[in-house]
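Q: So TrEMBL has the following annotated:
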BINDING   Gly39, Leu40, Thr41, Gly42, Ser43, Gly44, Lys45, Thr46, Gly85, Asn142, His143, Gln144, Asp145  GTP binding site
BINDING   Thr46, Thr63  Mg(2+) binding site
Amino acid sequence: MSDLRITEAFLYMDYLCFRALCCKGPPPARPEYDLVCIGLTGSGKTSLLSKLCSESPDNVVSTTGFSIKAVPFQNAILNVKELGGADNIRKYWSRYYQGSQGVIFVLDSASSEDDLEAARNELHSALQHPQLCTLPFLILANHQDKPAARSVQEIKKYFELEPLARGKRWILQPCSLDDMDALKDSFSQLINLLEEKDHEAIRM
């Protein structure tokens, strides 16, 4: 091989190394999804979201109107609009549904019968609302660390989820602040549902 050919070969190899090391460009941006988070006061919405954002639990204050948090995950960023759960606020929830791509519903699995019935009614209303009924739902049975907590099977039966949500995309998961791995896994499942819905929209 001539000296010229050898020089060209080395130059080409240098070029390939340069491309590999210096021309990758920034990593692709993580997809972002806009979610609405609802549930009665005391269900633990604010505490769960704050823990996912690595915020100190000492600074957690119950949401009275609404707040927005960007919750980062490895494969997505969830922009969560959390709505206050007091009686006088719940009637205005639907004003904040527009633009949502998914729903997080948090319930207190150790609550009184009256509060559990109120949560059941609110979840039924959300599952049937025109702006939410086609969206993925993550239903979190919170406070599983409390002695009075009802199991996921009890919640599923009491809330009549099988007949009501048949054909919809929904996940029912137990959770508590003490088990962050389980909580993160629940959100990973929700992200999978959001991605599936994105792919379906592209195919259409």
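Positions of Cβ are set from backbone N, Cα and C atoms, glycine also.
Since we're looking at a predicted model, the values are computed, not measured.
Mind running through what each feature is packed against?
A: Sequence-distant contacts (6 or more apart, same chain, Cβ under 8 Å) of His143 (GTP binding site) comprise Gly44, Asp108, Ser109, Ala110, Ser111, Ala149, Ser176.
Cβ neighbour count for Thr63 (Mg(2+) binding site): 18 (other Cβ atoms within 10 Å of its Cβ, all protein chains included).
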Q: On the Cα atoms of Gly39, Leu40, Thr41, Gly42, Ser43, Gly44, Lys45, Thr46, Gly85, Asn142, His143, Gln144, Asp145, which are listed as binding GTP, what is the maximum pairwise distance in Å?
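A: Across Gly39, Leu40, Thr41, Gly42, Ser43, Gly44, Lys45, Thr46, Gly85, Asn142, His143, Gln144, Asp145, the two farthest Cα atoms sit 22 Å apart.
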Q: Could you tell me the C-alpha distance between Gly39 (GTP binding site) and Thr46 (Mg(2+) binding site) in angstrom, no decimals?
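A: That comes out at 10 Å between the alpha carbons.
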Q: Asp145 (GTP binding site) to Thr46 (Mg(2+) binding site): how many Å between their Cα atoms?
A: 17
Q: Within the chain of Ser43 (GTP binding site), which residues six or more apart in sequence place their C-beta under 8 angstroms from its C-beta?
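A: Expected: Gly85, Val106, Leu107, Asp108, Ser111, Ala119, Asn142.
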